[in-house]
Amino acid sequence: MAAPEPLRPRLCRLVRGEQGYGFHLHGEKGRRGQFIRRVEPGSPAEAAALRAGDRLVEVNGVNVEGETHHQVVQRIKAVEGQTRLLVVDQETDEELRRRQLTCTEEMAQRGLPPAHDPWEPKPDWAHTGSHSSEAGKKDVSGPLRELRPRLCHLRKGPQGYGFNLHSDKSRPGQYIRSVDPGSPAARSGLRAQDRLIEVNGQNVEGLRHAEVVASIKAREDEARLLVVDPETDEHFKRLRVTPTEEHVEGPLPSPVTNGTSPAQLNGGSACSSRSDLPGSDKDTEDGSAWKQDPFQESGLHLSPTAAEAKEKARAMRVNKRAPQMDWNRKREIFSNF
């Protein structure tokens, strides 16, 4: 008995005949999306392996899962004489939903990723081969996931980009809070918990939430976002290196070797570390050496006067008070795109 065909989407390329493409498209009540209702025998649709019951995912490379029937029809008609349809049968559709996978053309060629793969669908920056364990996730079996930033190209859809941006009080930066399934954000590879590094080539790590939102909206219909997942973020912070677009495909920063600082290896200026041993010699910017009080850097002194101690305690209480919320700007904490 032959083994069952593996589940995968199908990419159907249709060339229009004298009677059209030969299929009927319709929406189903209670189900999201557009479905193939009927395929005419001997038609271009049948020759392209389109089948009744298929759900339409993409038209000519554009995801249409969130579009209306009229919008989908117009996309099919937009390219004269031919069209490219990415579809899934019911069984494949259910498997994709169960595993929370976004359907792509790559899956039509390679099939669905292994069920045990924690990074499905496999991102562009995942490679295999021999790499340093400092720059990748260890895997005894051989494959390594390189810890690289990801450059996500988003083109705005009718419902926007399809992601929610928020700031976290416990840590600096802007984070992807959620990504809508089937949205431009999902198709670009953006994922929840990603930290935003750059918007359209500009570093936004030091910007306020409203400023980052303005940067994303600066271009009307598209955005280029450089992001890092939590593991990659931790790795680059450990090396004290700021991720850039060059790290997406170019050389990765090296870990500390023979006392060389990561910043020097990355081509930047070396900065002093707060983990230096107490009393160690350091060079000031003009090259002169000085001894550092091990408590001075943290704002403490070994022998404060009573007045100093009292003033310091008062200042610490003031600094701990949370700033009053400006309720007119409360919505800046979360922004939907």
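Note that the numbers count up from 1, one per residue, in the order the chain is shown.
Using N, Cα and C of the backbone, Cβ positions are placed for all residues, glycine too.
Check Swiss-Prot against the ranges 69-106, 107-144 and you find region 'Disordered' recorded for 107-144. Between Ser261, Ser303, the residue that has phosphoserine written against it in Swiss-Prot is Ser303. Secondary structure by DSSP for the domain 'PDZ 2' (150-230): 15 helix, 37 strand, 29 coil. Separating the Cα atoms of Ser254 (phosphoserine) and Ser183 (phosphoserine) is a whole-number distance of 36 Å.
A sphere of 10 angstroms centred on the C-beta of Ser183 (phosphoserine) encloses 22 other C-beta atoms. Over the domain 'PDZ 1' (11-90) the predicted model carries a mean pLDDT of 91.
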